[in-house]
Amino acid sequence: MNPIALSMILSSLALGTILTVSSNHWFLAWMGLEINTLAIIPLMAQNHHPRAVEASTKYFLTQAAASALLLFSALNNAWFTGEWSIMNLTNQISCTTMTIAICMKLGLAPFHFWLPEVLQGLNLTTGLILSTWQKLAPMAILYQISPSTNTSLLLLIGLTSTLIGGWGGLNQTQLRKILAFSSIAHLGWMASILPIMPQLMILNLIIYLIMTSTLFLTLKTISSTKISSLATSWPKTPTTTALTLLTLLSLGGLPPLSGFMPKWLILQELTNQNTPILATMLALSALLSLFFYLRLSYSVTLTSSPNTSNSSLTWRHNSKQPTTLLSLMLISSFFLLPISPLMVS
């Protein structure tokens with residue numbers, strides 16, 4: 001892509017997110033979301049492949065429908081209250097439709113059907129942007145309206161997302177689809193704790209962004225998009241492949257890695273709020289996600305290619321990807337658990 005066009009697109013992505021996060025007016029927030037959507041579509045369709053065009057079309061239609069519902073909710077609330085302030089979402093119907101619109105934008109269940117298909121049609125760099133940066137603006141709106149949201153609705157959406165994210169990833173062989181269902185499951189954890197303790201949602205979002213960015217950058221470094229090609233990555237980059245194991249276990253929420261911290265704090269808070277059944281179901285749903293993380297870990301580190309793999313070996317080209325950002329992300333994915341006392345206090 002032309003560097004000037006790429007810089008304009010990335011600037012528009014940053015502008016849309018900053019506009020949404022910093023705005024107090026529904027129209028400005030909606031405008032920022034629209035800028036975000038229109039800016040990422042050229043990145044999606046840059047490969048000129050039918051699958052990329054299909055992913056761009058699905059993403060555009062879904063985001064357009066969610067934006068229309070969001071604007072309708074803001075108009076309806078302004079009709080009843082006479083205000084356009086985000087913090088003044090008092091009409092119950094508007095609050096419910098607004099929550100549904102943001103869940104559509106994020107890909108939370110049962111509005112998740114577009115996310116795996118769209119992510120599968122993208123390259124790893126655009127998939128990284130879609131899975132991380134594009135979540136910031138909708139989550140910022142959801143955080144601002146959290147005092148007005150329907151608690152039962154968010155808890156139901158969160159539990160459904162964690163279950164579907166776990167079940168959906170079990171029989172997948174494409175890494176981008178597995179990461180899409182992983183994203184759905186993690187967003188379900190955030191939605192579950194949002195009406196009870198929004199600060200924990202922010203913590204979970206930060207840890208999720210770090211771990212997902214780490215895995216996408218690792219897959220980009222070893223040039224792998226399928227489980228079958230993971231087994232051939234060990235001879236090329238043994239150190240990175242070994243650290244991928246720890247990244248996957250961190251995504252699964254195993255101690256003493258960083259991914260254990262948000263799950264531990266969320267389950268503790270849900271137990272303190274006298275919702276042990278919800279906490280138990282969330283913990284059980286985490287086992288579903290852990291299964292396919294362990295499946296990936298087995299393929300990465302415990303299979304010796306080509307003895308147990310039917311995939312053809314690729315040429316061992318030296319990777320030209322910058323590794324500074326990957327190194328920082330790897331360290332953050334492993335060693336953030338010791339700061340958990342600061343979060344508890």
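Numbering starts at 1 and runs along the chain as it is shown here.
Heads up, the Cβ atoms here are built off N, Cα and C, so glycines get one too.
Now, the feature entries from TrEMBL:
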DOMAIN    23-288  domain 'NADH:quinone oxidoreductase/Mrp antiporter transmembrane'
DOMAIN    290-343  domain 'NADH dehydrogenase subunit 2 C-terminal'
TRANSMEM  26-45  transmembrane segment
TRANSMEM  57-79  transmembrane segment
TRANSMEM  91-115  transmembrane segment
TRANSMEM  152-171  transmembrane segment
TRANSMEM  178-196  transmembrane segment
TRANSMEM  202-219  transmembrane segment
TRANSMEM  240-257  transmembrane segment
TRANSMEM  277-296  transmembrane segment
TRANSMEM  325-344  transmembrane segment
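Counting same-chain residues at least six beyond the ends of the transmembrane segment (202-219), those with a Cβ under 8 angstroms from any Cβ of the stretch are 124, 127-128, 131-132, 135, 139, 143, 175, 179, 182-183, 186-187, 189-190, 193, 225, 240, 243-244, 247-248, 250-251, 258-259, 261-262, 265-266, 321, 325-326, 329-330, 332-333, 336, 343.
Looking only at the domain 'NADH dehydrogenase subunit 2 C-terminal' (290-343), the predicted model's pLDDT averages out at 71.
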